[in-house]
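Data first, discussion second: the structure below is written as structure tokens.
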Amino acid sequence: MPKKKTGARKKAENRREREKQLRASRSTVDLAKHPCNASMECDKCQRRQKNRAFCYFCNSVQKLPICAQCGKTKCMMKSSDCVIKHAGVYSTGLAMVGAICDFCEAWVCHGRKCLSTHACACPLTDAECVECERGVWDHGGRIFSCSFCHNFLCEDDQFEHQASCQVLEAETFKCVSCNRLGQHSCLRCKACFCDEHTRSKVFKQEKGKQPPCPKCGHETQETKDLSMSTRSLKFGRQTGGEEDGASGYDAYWKNLSSDKYGDTGYHDDDEEEDEAEDEEEEDGKDSDAESSDLFNNLNLGRTYASGYAHYEEQES
């Protein structure tokens, strides 16, 4: 018969379970809720932007900096592992900070744990917008992640990108390697794969997760759970409207059918335009002939253009 658990043992097991859950949840923190990507309002210019060490617009320093790792604005002496020891009960402002992250451009407090772990675990390490290719240092807004392909997006492109993200680079939902229906879709490659071709020797499937994409290794999703649409290609007369109003094959057949029933108005207009163009060309030819007759009797004497230049050179 097992021994009965004591109160201290129960507390220790519960503490270990909570710590395990916290460690697992840190890797799945929403990018919009991370302290280094928090929303900040400048004290001087009152413009809202991403959490930064210096204002992106006026370069001023904030009165209460926010730590990019733990998110605190006040360092308590009793409950922290401060690298810089401060004599008071707590410290705020520039007395609390210890470094600036090169990736997220935000302050990191002078706690030993934050200084040693933030640079390696910063979620904005390679944060470059997939649409405009701007990084954290190139614009003042916050960084977001696409909910479909999980690529980085800036504030300007996040809505437009996510509205057009679920579009396949194909005209059908068939697997790119065979002719069967693609049951799994990769939203980064914009391609579908069947069950057989999702098995890859390069990328291994983790337990409890969807199979990875055989091309890029990103986790695929079931096509039936997505609002996927295919790319539509238009050729020839299907491309759109034209200047004369005849767009597409429908308008072409409508014009033919109207000619059969005696509707010749369209052709009458063309004939009138052709006659007007012919009259303009004839008037232009007549005016050119009259101008040439005026200069035929004009005599300018011996000139270089008339061919007498070499005679004048010999005489001199």
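Yeah, the Cβs are placed from backbone N, Cα and C, and that goes for glycine too.
Residues or ranges marked as compositional bias 'Basic and acidic residues' by Swiss-Prot: 10-22.
Per Swiss-Prot, compositional bias 'Acidic residues' is recorded for 268-291.
The phosphoserine annotation in Swiss-Prot covers Ser287 and is backed by a large-scale study or a structure entry.
If you look up Swiss-Prot, you'll see 1-24 (among others) marked as region 'Disordered'.
Marked as region 'Disordered' by Swiss-Prot: 227-299 (among others).
This prediction places the mean pLDDT of the motif 'Nuclear localization signal' (3-11) at 80. Among the features that Swiss-Prot reports, motif 'Nuclear localization signal' is placed at 3-11, with the record citing sequence analysis.
When DSSP labels each residue, the zinc finger (42-58) comes out as 0 helix, 4 strand, 13 coil, counted as helix, strand and coil in that order. The zinc finger annotation in Swiss-Prot covers 42-58 (among others).
Per Swiss-Prot, zinc finger is recorded for 67-104 (among others).
What Swiss-Prot records for 129-149 (among others) is zinc finger, and it gives sequence analysis as the kind of evidence.
Residues or ranges marked as zinc finger in Swiss-Prot (evidence: sequence analysis): 175-189 (among others). Residues 148-151, 165-166, 168-169, 195-198, 210-211, 213, 215-216, 218, 220-224, 226, 228 of the same chain lie 6+ residues outside the zinc finger (175-189) yet bring a C-beta within less than 8 angstroms of a C-beta in it.
Distant neighbours of the zinc finger (129-149): 31-32, 37, 39, 47, 49-50, 52, 56-57, 103-105, 155-158, 160-162, 165-166, 187-188, 218, 226; these residues of the same chain sit at least 6 beyond its ends, with a Cβ under 8 Å from one of its Cβ atoms.
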